[in-house]
Amino acid sequence: MRVDIVSIFPEYFAPLDLSLIGKARANGLLRLAVHDLRTWTHDVHRTVDDTPYGGGPGMVMRPEPWGEALDALAPDELSPDGHTLPRLLVPSPAGVPFTQAMAHELAAESHLLFACGRYEGIDQRVLEHAATRMPVTEVSLGDYVLFGGEVAVLVVLEAVTRLLPGVLGNAGSLDEESHAHGLLEAPLYTKPATWRGLDVPEVLRSGDHGRIARWRRDEALRRTADRRPDMVGALSPESLDSRDRAALDQGGFPSPPEHVAK
Ligand code: JD8
């Protein structure tokens, strides 16, 4: 996968040299380039912002540098050097929520282009114009306010990179993950069996794989009911047996109604 990032703070992306993302880059599974938006300014002050039309606080990112950046990274005509048409992602608190389902969708793309806004955000015409050439998605990390899009890009890229074929190896099984089965994960324990007077639950040391699986599912259901009532509401009734319902009830939540045949 090819990824381009445009930002006025390219140093923000230093962590992408590290750990498993760094390894994916070294292995050639991820071809990542970070670009300074100011490359595409022409005045001595390398200006990227101006006051908002209509008034209001703060500054807005001017369209010209962004237009040139996107022209350079997503050329109009297919160039002979194998340029691909990217999908443009623009972090914004007004975007569609980023989810694990979107991470899977993005992992299937061959080229992603991220535009990191700062100040109050980017002139909307940049996105409108880009949308005449490529798919554009405004994406939000969640309902809280950041200073800019850089951290959101780090999050999205981390979620996407670990889904790329060859990145995880055998260390992780994607279909056993929390957001694959719609429940939070059960708690984890490792050695020693007793630490500061606290014991690892007996069942996990029993070697009884059936009992262990059932305990983990009960814990996952209990936690989900307690912390994420929105996720309980989204569980399909057919995915729950009577033992599941009992675990959910213990969390103080009514489980979704049993399927009623018409
Ligand atoms: C991009 C500028 C800050 C946004 C005034 C100052 C995502 N979940 C999220 N929360 N916040 C962002 C985010 C914030 C950004 C930019 C993303 C560019 N800001 C602005 C509007 C209100 N502040 C985000 N993804």
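Cβ coordinates come from backbone N, Cα and C, glycine included.
These come from TrEMBL:
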| type | residues | note |
| --- | --- | --- |
| DOMAIN | 1-232 | domain 'tRNA methyltransferase TRMD/TRM10-type' |
| BINDING | G117, L141, G142, D143, Y144, V145, L146 | S-adenosyl-L-methionine binding site |
| REGION | 226-262 | region 'Disordered' |
Largest tally of Cβ atoms lying within 10 Å of a Cβ, found at which of the binding-site residues L141, V145, L146: L141
Residue, out of the binding-site residues G117, G142, whose Cβ gathers the largest set of other Cβ atoms within 10 Å: G117
Cβ neighbour count (within 10 Å, all chains shown) around Y144 (S-adenosyl-L-methionine binding site): 7
Set of same-chain residues at least 6 away whose C-beta sits under 8 angstroms from D143 (S-adenosyl-L-methionine binding site): P93
Pairwise Cα distance maximum in Å, S-adenosyl-L-methionine-binding residues per record: G117, L141, G142, D143, Y144, V145, L146: 17
